[in-house]
Amino acid sequence: MVVMEDDPVISYKVNRKHVMNMLTYVISGKGSTLNKRISFRRGEEAQKYKRVATTKHDSFLDSFLPIGSYKKLYSYTQLINGFALHAESEKTVRILSRAKGVRLIQEDIKMAKMTTHTPNYIGASGVWPLLGGAENSGDGVVIGMIDTGIDPKNPSFASSNISSQAKSPPASFKGTCRAGNRFPPDSCSGKIVGARWFARAAQATGEFNATIHYASPYDSDGHGRMCHRLIIPISSQPHRIDCSWEFPYASNIQRLQLWVCKRHGPWSSVRKIERTILFQHFRYWKQRGEAMYIISLFVASSDCPDRLSIYKAAYPFGGYMSDVIAAVDQAVEDGVDVISLSMAPSSISPGSASFLNLLEAQLLLATKAGVSVVQAVGNGGPDENTVVSFSPWILSVAASTTDRKYRKSIIIGNGKAFSCGTLSAPTPGEIMYPLARADDVIVGNSTDEGSNNCRDPRIFIKPLVQGKVIICMFDSSDYYDELSLASIVDTVQKIGAAGVIVTDRSTHDVDIDFEPTFATTVPSAIVLKGSDMRALMEYYNNNTVRDEDGDVLSFGATARILEGRRATYTGEAPVVADYSSRGPDVENSLMQPAEVLKPNVMAPGHLIWGAWSPTSNALLEIHGENYALLSGTSMAAPHVAGVAALIKQRHPTWSPAVVMSAIMTSADATDRSGRPLMARGDEGSLSPATPFDMGAGAVNAARALDPGLVFDAGYRDHLQFLCAVPGVDEAAVLRAVGAPCPPRARAGAARWCSDLNSPSVTVASLVGSRRVDRRVTSVGAQNETYMAYVREPKGVAVRVSPAEFAIAPGAARTLRIVLNTTAPGNAFSFGEVVLRGDRKHRVRIPLAVYPAAALSP
């Protein structure tokens, strides 16, 4: 990827003179001087400049490189001025690096994916009345999804019930729908307002196969469709979302949810509900009195007005940064309001700072254009230093659990009941079924190792197994092979058994926190508790008659598998998922800690229902299904993108930094009883969550719409931040973003990354004392008086000045936070500053500080 010194569309003042100058350059090789800038994205002049810039790229390459020695993949013109090309020879890089007009060259790198009642769980349904009703929530806002594409035929994206007016995208959106294989021209007729695909880098490497991966926006993987479907319910009709008012963290949310349910219920059309989340012919809803209550997030809200524009740039094998950069460039040109990115580089780019790779720099320019960027923080947890979303201008999202549980039990013939896992139907009726261990119903001369774990249907004696519940054994290590349970279920189905109970052959407690990830097609249960396993096998052996050789003469044990597909809601607080990547953020490939809080916020990402691609082979157990139950920070990021869209609709003039501030300062760090939220670590351990686990806390959509105070930071502020990164010089910043370091904020003062006006404070090495200023702006409707409350990090004294202040709507105040090391330590410690207003606003600022000892002279 090559970045030129010329300006991109977003910052270039295009007029006839400049265009003619550039045309002169293309023809004669003489350049023009660029003096004035103006921020714009679209328009006739912008398109003219884009065409001229592309022509200039081609002319530049032809003048320096032999024909046939390279293949140009893309011209980037909107946010950066440059191009991507594929070349086998290192000589090409050397030639281009010496060419006049080249600002930066970066090698392409691989990108990795970050593989329902959550709208209520995060408080989103409570904001619908505040936005003019659910029918208007998210209206006029477009979210750009950069992922693996979409299946327009999935019921979640159906548009048959959308009015002709609602089918039209916002006037400001200029994207298009590119038809292709399995993506007909009418695919963009409702929720989907734009769709494109980007695979030139993947094609150049030979990894892209048009037959398997589809040369169109169609999703053959499932990851993208899962993430897209996560966004839509954030603004969906409440009569299709669980109105059980069980959101546990804010009484105002409970009140608003109750209001929504009263206004829109009971519901008269069950057909609309039933056509939505059908997984293996089971409708995931439950009935309460006269009203139907959806118990899953993924309800197809056909008349939901929010809009998605799809940019397919990832595939089952991952993706390439040059394809992703092309997608971001196009998304901003199209006019999206929010970008949701559930993928990241597979490794930290070498160099002086992780913030200066080309994608991070491009996303900075996207925020300069007014586009909020939301990204999954990564799935590398619970180890520290595993975040893959680095920069302070990106809203990085961690994954949490929800309070939705699927509970299942089995009952054996002596009346004992055992709790177990799996998401499956019960055995038919209320009768007991004969039990048979797999080893007792196979052909006598079989030596197949699959007899115990039931993976080979050929070795079973069908007359002996039909109508019975089979006990299959497995080793604990087999659990991590996701195909094992699917293979067992497939075997049981083929041999005609009534159901299956899977247990560990050791009969000791199995250190596995089993949770269902897909619905099985036959009644099934997994028993992992040692005492239950022993009781089950003891009961079976005592009621099975054998001859002197050990062969079974009669089966006397019975069992019944109960329903396991109906959800219950416990009211439990969210817990940081063990796989969710942890901070601290890193400032370079040497893993040195950065003075940036990552993650920024936490959202539901564990066991989330979403639309799935029936053609995907990523998970064979759900091949052919339209929905799946998956986990990952990829599932969490779209929740926050949806909240950002709601904020953009309510406050269209708010900058991306203000949107991030509103989401962070309003997040919940405690449960409804005031206890700290928890994080799951190695081997299922639980400990209080720190800002490096959950960022500012669990997202709270309703409070984010009315945060009271906000922290704003613009492009110039982020340049100041980049210029303060240790080891980064002005030339590196200029190469990365095309702008020099601005003058210091305080004349003569040292530059610190912690000076960035963010809604958190992170200090990687506090030696002695440091002053950190924060400027807050009131977005409240009335005058309000705030008081500062401090919980100090261990080993650090914190003073906030002023400790109390009054502020009028639209006014700004500077807060001075002074940190002093009182007891040097060997790790980060955590605290918070909470600004409490007399009109019920609460603004929380997380603190993460490493109190260090002074170096010896």
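For all residues, glycine too, the Cβ spot is worked out from N, Cα and C.
Fair warning: this is a prediction, and the values are worked out from it, not measured in the lab.
Per TrEMBL, domain 'Inhibitor I9' is recorded for 39-111. The annotation active site, charge relay system is assigned in TrEMBL to ASP147, HIS223, HIS264, SER634. Per TrEMBL, the feature domain 'Peptidase S8/S53' maps to 318-670. Annotation comment: TrEMBL describes 755-849 as domain 'Subtilisin-like protease fibronectin type-III'.
All protein chains considered, the CB of SER634 (active site, charge relay system) has 30 other CB atoms within 10 Å.
Each residue contributes its Cα atom, and for SER634 (active site, charge relay system) and ASP147 (active site, charge relay system) these two points are 10 Å apart. Here the domain 'Inhibitor I9' (39-111) has, by DSSP, the following mix of helix, strand and coil residues: 29 helix, 17 strand, 27 coil.
Over the domain 'Inhibitor I9' (39-111) the predicted model carries a mean pLDDT of 90. A simple way to gauge crowding: the CB of ASP147 (active site, charge relay system) has 30 other CB atoms within 10 angstroms, across all the protein chains here.
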